[in-house]
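Record features, source TrEMBL:
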COMPBIAS  12-22  compositional bias 'Polar residues'
COMPBIAS  575-586  compositional bias 'Basic and acidic residues'
REGION    1-22  region 'Disordered'
REGION    564-586  region 'Disordered'
TRANSMEM  84-105  transmembrane segment
TRANSMEM  117-136  transmembrane segment
TRANSMEM  217-235  transmembrane segment
TRANSMEM  242-262  transmembrane segment
TRANSMEM  322-347  transmembrane segment
TRANSMEM  371-391  transmembrane segment
TRANSMEM  412-430  transmembrane segment
TRANSMEM  442-461  transmembrane segment
TRANSMEM  491-509  transmembrane segment
TRANSMEM  521-540  transmembrane segment
Amino acid sequence: MSLTPRHAASHMSLTPSPNSTTRKTFTCGRHLAGSAGTHSMAPPSRFGRWADKLAVESEPGLSSAQLMLTNHDLKPVERERRQWGAWNFVGFWIADSFNINTWIISSSMIVGGLSWWQAWLCVWMGYAIAACFIVLTGRIGAVYHIGFPVVGRASFGIWGSLWPVFNRAVMACIWYGVQAYIGGHCVYLMIRSIWTSWDRARMPGPFNTDATSTPDYVSFFIFWLCSLPAIWFPVHKIRHLFTVKAYFVPPAAIAFLIWAVVRAGGIGPIVGKPSSLHGGDLAWELVKGVMSSIANFATLIINDCDFSRFARKPDDAKWSQLFAIPLSFAVTSFIGIVVSSSSTVIYKEPVWDPLNLLGRFIDDGGSAERFGVFVIALAFALAQLGTNIAANSISAGSDLTALLPRYINIRRGGYICAAVGLAMCPYNLLTDANSFTTYLSAYSVFLSSIAGVMVTDYYLVRKGFLDVKELYDTRPTGPYFYTWGIHWRAYAAYVAGILVNVVGFAGAVGRDVPKGATYLYNLNFFCGFIVSSAMYWGLCRLSPIPATGKCWMEVGDDMDQVYGAYGDPYDEERDASSQDKERKEG
């Protein structure tokens, strides 16, 4: 390993807990002169007292700079909270796959002209590729038990990581609103199955009828309100929600499938309908189908370490995710395709949104049908709740925690995310299939280049080595501080990964652009990932960075391992005196 003494050093104290003689407490950074408790301070002002009341719990004796880097939710997960086993991850992805968004994506591929088996093939390929990316990023969290905001400090810099974190937090808040609005449709069906007068056609209200109505918005608000208690629970305990969802939602989806097929007297004509595309048009539509599946995982690819850090051991987050993701999402997509095909027989036209199909079942059914719709809609509402908590609330909470750790933890960040999701207008993103897939593609443009830098930094540049303690240190000489806390190589690669897709993105939103740019944009996630990855690796080869090695070395998060591998804890005075001696001798 090419590590200088100060980069190999440890800057976190391990102090015995007052309640135990054996348990160790993770203390971030060094106790700097001038930090809390080292000198007398003037009585705080009224504003200062209120600020202290709003502050989250933190370790005593930390400086202001250190308080900008750590709190309980940002530090490495201690052994007591590592409670996610392999089956928890399997249940997590089974639960996450059964949501309305997965149905809409597969249906939009058939709307684009693919046959059912071509769309299903795209689903298998897209989610299998996404699973590989998930395992790559998730391993970082599973080995070192740190989340995305802290992992980003290694590649983007101590302060430079704040922009990728902010970027993803904004996207997660937007997605929270979208998923909550879809969940509101489930609540709408539950209410309407009891009172059929709860009809959007009868009560349009002051809204644009192409986007929403009074019953839709009220149902959205009810779902949003009922989601708030789920945000309260810590991440290592929320796994029980996904377990319940994994047992309840799949049987409801299968019951919906059987119901639709029985009513249609078969699986319908769509299953036997060939593709309406040929040649190059067919090839590019297949590519777009694969990319839309990957884009559905854009946020989860970079934030999987927010969950994998709670794994009991690294392998628990590897094989379970690698196989559970493509299998569970493929099954859900197949159910959606067959149900939509059956709707063609029942109503003489395909109904791609399963919630719209349930609404039609209410219109032409009796009390038994309405009860069935209520149960299935309740299951879908639970599905949307679990998806929103997993993919958006926890993600945004982790990111907002990193932006202001002195006052925000994951719980508070989750509630901020919910507030933003309510304030924005999510229904405007769901007016038709084209706008929805366009949004998905735009979303992946900004996140793919972040993933490219992260994966390349960990696997190719650092070869699995992270000095966890240094990720919480603001010393200008630290290995992750780079230039004023910002890693210019990472940002150059990040911008390059975005620029390669900018022209194509302009074409996707209606501008006239060269056809080549459109084809390139169809591969937006791969283009962003590959360009940012290649540029970052090249820049690090031309201008090497500290704390890297020539061989693979994952030291894990245990402090004893790090001390054993890299020698004694860092002594600043000894290092300074040795540097003075070297200058005098030179």
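Cβ atoms are placed via backbone N, Cα and C, with glycine included.
Curation does not apply to TrEMBL; its annotations are automatic.
Below 8 A, the CB atoms of the transmembrane segment (521-540) and the transmembrane segment (442-461) form 3+ pairs separated by six or more positions in the chain. The transmembrane segment (442-461) makes contact with the transmembrane segment (491-509): 3 or more of their CB pairs lie within 8 A, with pairs spaced 6 or more apart in sequence. For the transmembrane segment (371-391), same-chain residues at least 6 beyond its ends with a Cβ under 8 Å from one of its own Cβ atoms are 92, 95-96, 98-101, 172, 175-176, 179-180, 182-183, 186-187, 189-190, 193-194, 223, 226-227, 230-231, 238, 241-242, 244-245, 248-249, 251-253, 255-256, 259, 299-300, 307, 354-355, 358, 361-362, 365, 414. Remote same-chain residues near the transmembrane segment (84-105) are listed as 123, 179, 182, 185-186, 236, 239, 242-243, 245-246, 249-250, 253, 292-293, 296, 307-308, 310-312, 315-317, 319-321, 324-325, 328-329, 331-333, 335-336, 339, 352-355, 380, 383-384, 386-387, 390-391, 433, 436-437, 440 (criterion: CB distance under 8 Å, separation of at least six residues from the stretch ends). For the transmembrane segment (322-347), the most Cβ-contacting stretch among 117-136, 217-235, 242-262, 412-430 is 117-136 (pairs under 8 Å).
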